[in-house]
């Protein structure tokens, strides 16, 4: 009897997550059966929930808001990009029973921009809005693409300054932003409640791409704001979601899915 490999995504809330549908599409490409669920861990109960999942046969897990930094603390070892980010979105069970933490958010974002949308990051000026775990996780990979400049802005400027020092990028107060950006990436949590970041509409003049890390309806307020104020192209984070999921799947199973048909499949749902 063949044992079906079990995976899950931890978050709170997590009922909205599209990860199960995405990973089932990857499994169809590989020609295997997997089980992929959702676990809403209690705040303060993440470590216990992870322990129970792996002790009862779990093979790998994704981690979303608000547990990515807790997952980093929980892992026994890390990839270089997870260490740089200080946040983990992928837990891999090793043969020795230890957990390896990785962060595939940056790969998902950069692949969506450069491969799916065919927009180069190299030599571009990038603005990151927000300074939470989502933004922190993508900075190391964005830097690998050698942009001309990365600027970070956050509602609480001190948090932006902290990340700027950590990663060797620039921090600018939101109120002082005035344009000159090729790519603007919104990683604030405000999109989840329909709130726009407190930035001037002028920042979108001559912007090649405005990108929101969230996907679906939650991204529309920011994308409409960007497009109506001059952004040449706008995108939600569906491609990033599928891309980071594909990288996680590859780490667990050694099979690299084709993300393009899965992005189209998810758009059609």
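Cβ coordinates are placed from backbone N, Cα and C, and glycine is handled just like the others.
Look at Swiss-Prot and you will find 17, 18, 19, 64, 89, 105, 215 tagged as shikimate binding site, backed by sequence analysis. Positions annotated as active site, proton acceptor by Swiss-Prot, on the basis of sequence analysis: 68. Marked as NADP(+) binding site by Swiss-Prot: 80, 130, 131, 132, 133, 134, 154, 155, 156, 157, 158, 159, 213, 237.
Within 10 Å of residue 133 (NADP(+) binding site), counting CA to CA, the recorded positions 17, 18, 19, 68, 215 contribute 68. When other Cβ atoms within 10 Å of the Cβ of residue 154 (NADP(+) binding site) are tallied across all protein chains shown, the result is 25. Within its own chain, residue 19 (shikimate binding site) has 9, 36, 38, 62, 241, 245 as residues 6 or more apart in sequence whose C-beta sits under 8 angstroms from its own. Relative to the residue listed as 'active site, proton acceptor', the binding-site residues with Cα atoms inside 10 Å are 89, the candidates having been 17, 89, 154, 156, 158, 215. Other residues of the same chain near the shikimate site, with their Cβ within 8 Å of the Cβ centroid of 17, 18, 19, 64, 89, 105, 215, are 9, 11, 62, 241, 244, 245. Across the residues the record lists as binding shikimate (17, 18, 19, 64, 89, 105, 215), the two Cα atoms farthest apart are 17 Å from each other. The Cβ of residue 215 (shikimate binding site) has 19 other Cβ atoms within 10 Å, all protein chains considered.
The C-beta environment of residue 89 (shikimate binding site), restricted to residues of the same chain at least 6 apart in sequence and closer than 8 Å, consists of 62, 63, 64, 68, 71, 102, 103, 104, 105, 137, 244, 248. Distance noted between the C-alpha atoms of residue 213 (NADP(+) binding site) and residue 17 (shikimate binding site) is 14 Å. Counting other Cβ atoms within 10 Å of each Cβ, the lowest count among the binding-site residues 131, 213 belongs to 131. In the shown protein chains, 9 other C-beta atoms lie within 10 A of the C-beta of residue 158 (NADP(+) binding site).
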